């Protein structure tokens, strides 16, 4: 049975850590203290603290653009900042490239498409915006404004290899979006949770489309699209399973690893890892209670590093904890 071992606890922020993202050896963090910090995952040392005057309120979400040293950060001040680095050796400074405006209320989540062509943002104003980015990450043109959620949109995530976007909302649903005839349209509405859906993540698989979601109702659910076609419109989605009950309070973040494991964290301070032991049947293979002592955990992300299976969590204690999943 695997166990989760705490590798490092980094006290990076003076207020809750909302978001983490990892790319090209750099871990980015965003916090209620308005700060964005960059950490070298090879030694877990702080590389840089970005200019905290860029945002007037909390930084709720950070996301690296694929294949380049560009970071997007969404804030409660309604804006999204874009930052760029010129080097891979972490010696240079990160510069502010652009500030994106458009949302009327707090930006809750930002996410890049797998090819880096699109940046999606969502907000308490109930909308999801899709932006086309130029190669330099300095110009952003609004491609679509999606307004079909009836409440606050909490989180967005792109599929790892398809132009599919999932948005999670206070209206208790997940919506799946895809491009059709040069417009972005809602391809499916996933209903079944009994409370706010805080998060979701797509399976990283070459065939089939599955999504996990976490909710205020304390459950993590798996959804499956009954097609493997590129065209997902007019295709049925089913709730494939509900993962074994672990959480006693809201599930704030889920992450689906490249080798098929799912991690979840939430308001109860629990970090859990699940494995599919046969098609549609999952087991809890590792669990840590009070993973950030008495504090809530807001985010979890998988990190593959030198053959090690690591997890990164961020909590209300301002800490970023790094965990290793080890076979005992």
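A Cβ is built for glycine as well, from the same backbone N, Cα and C atoms used for every other residue.
Lifted from Swiss-Prot, the feature list:
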type	residues	note
REPEAT	12-49	repeat 'WD 1'
REPEAT	54-93	repeat 'WD 2'
REPEAT	102-141	repeat 'WD 3'
REPEAT	148-187	repeat 'WD 4'
REPEAT	192-233	repeat 'WD 5'
REPEAT	246-284	repeat 'WD 6'
REPEAT	291-328	repeat 'WD 7'
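Contact between the repeat 'WD 1' (12-49) and the repeat 'WD 7' (291-328) is supported by 3 or more Cβ pairs under 8 Å, counting only residues 6 or more apart in sequence. If you look at the repeat 'WD 5' (192-233), the same-chain residues 6 or more away from its ends with a CB under 8 A from one of its CBs are 154-155, 157-162, 164, 166, 168-170, 172-174, 176, 178, 180, 185, 239-243, 245-258, 260, 262, 264, 266, 274, 280, 282. Within the model, the repeat 'WD 3' (102-141) shows a mean pLDDT value of 96, rounded to a whole number. Listed by sequence, the residues of this chain that lie at least six past the ends of the repeat 'WD 2' (54-93) yet keep a Cβ under 8 A from its Cβ atoms are 15, 18-26, 28-36, 38, 40, 47-48, 99-101, 103-116, 119, 121, 123, 133, 137-138, 140.
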